């Protein structure tokens with residue numbers, strides 16, 4: 001089969017709270033599609049509100065895949081995502097169902113677009129244990145200084161407090177002669193799939209208002225109780241999933257480390273910072289068709305997403321695959 005004959009697989013990207021899930025569902029309804037989540041938090045069970053998973057009704061309307069895969073204290077690597085996502089893409093394609101990728105985890109998206117081989121990048125557990133011990137004893141600052149000494153270029157692209165990313169960068173930089181570089185320049189595009197990336201963006205103030213409103217809605221819908229229930233189930237702040245935004249701040253509040261108001265403010269601030277980092281990732285991806293959302297109200301946004309949905313359908317029918 002030539003590339004020109006292959007199914008064009010849409011990937012919908014954009015920062016948190018912009019409407020990716022809504023757009024993906026509308027696209028799936030009109031194209032006989034099913035959705036594959038590319039969100040590193042939605043893989044966790046028992047965590048629905050804080051991860052903004054699709055509702056029960058939405059999942060009944062359109063099947064969603066790679067959601068609710070593991071428990072909050074388990075680990076799930078990019079290699080795991082890549083393997084499961086590509087397998088699901090193959091299954092859906094054979095069934096004549098359109099796979100629609102939607103999510104905000106940049107590295108997940110890159111693992112599909114580029115021929116990234118993780119087989120030689122397995123974790124050296126002794127190094128991982130050593131680095132985690134450094135974090136527990138001296139904090140993320142010491143890890144960040146170590147990363148700067150190994151690969152200063154990579155260190156510039158990682159927040160000094162994001163200790164999980166710092167550890168992974170140290171691991172990869174240690175065992176790779178090249179380290180982590182600009183994916184769009186140094187990785188080869190995957191040739192046995194035909195992906196087309198569509199991106200959503202908004203001006204900063206409008207997006208930040210949407211983020212703040214989403215956090216308020218999550219709290220009204222029971223985020224605090226969701227976190228308390230996770231703690232009652234025996235999970236704690238050291239569980240991988242509970243280090244996510246929305247969870248770690250409320251746990252700090254439960255432990256008396258900050259007030260409720262401060263915790264809410266931190267959730268909003270950290271989510272806004274997360275959205276900024278997402279766009280940094282996405283801006284590295286070449287050949288993205290970007291769509292701007294200009295409306296400030298939910299009604300305006302829904303109308304705009306409907307227009308964008310129709311434009312994507314037209315583009316999927318009109319574009320072909322070519323060798324890169």
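Positions of Cβ are set from backbone N, Cα and C atoms, glycine also.
Residues or ranges marked as ATP binding site by TrEMBL: 14, 15, 16, 17, 18, 19, 20, 21. The annotation substrate binding site is assigned in TrEMBL to 16, 17, 18, 19, 20, 21. The region 'Interaction with substrate tRNA' annotation in TrEMBL covers 39-42. Annotation source TrEMBL lists site 'Interaction with substrate tRNA' at 105, 128.
Remote same-chain partners of the region 'Interaction with substrate tRNA' (39-42), defined as residues 6 or more beyond its termini with a Cβ less than 8 Å from a stretch Cβ, comprise 50-53, 66-68, 76, 81, 103-105, 107-108, 241, 244. Of all the recorded positions listed here (20, 128), it is 128 whose C-beta has the fewest other C-beta atoms within 10 angstroms. In the region 'Interaction with substrate tRNA' (39-42), helix, strand and coil residues by DSSP number 0 helix, 0 strand, 4 coil.
Rounded to a whole value, the Cα-Cα separation of residue 128 (site 'Interaction with substrate tRNA') and residue 14 (ATP binding site) is 31 Å.
Comparing the binding-site residues 17, 18 on other C-beta atoms within 10 angstroms of each C-beta gives the minimum for 17. Sequence-ordered, the extra residues of this chain that approach the ATP site, with Cβ no more than 8 Å from the Cβ center of 14, 15, 16, 17, 18, 19, 20, 21, are 104, 200. The binding-site residues under consideration are 14, 15, 19. Their Cβ neighbour counts within 10 Å are lowest for 19. With respect to their backbone Cα atoms, residue 17 (ATP binding site) and residue 105 (site 'Interaction with substrate tRNA') stand 13 Å from each other. Summarising model confidence by region, the region 'Interaction with substrate tRNA' (39-42) averages a pLDDT of 96. The local packing around residue 105 (site 'Interaction with substrate tRNA'), expressed as other Cβ atoms within 10 Å of its Cβ over all shown chains, amounts to 20. Residue 21 (ATP binding site) falls within a helical segment according to DSSP.
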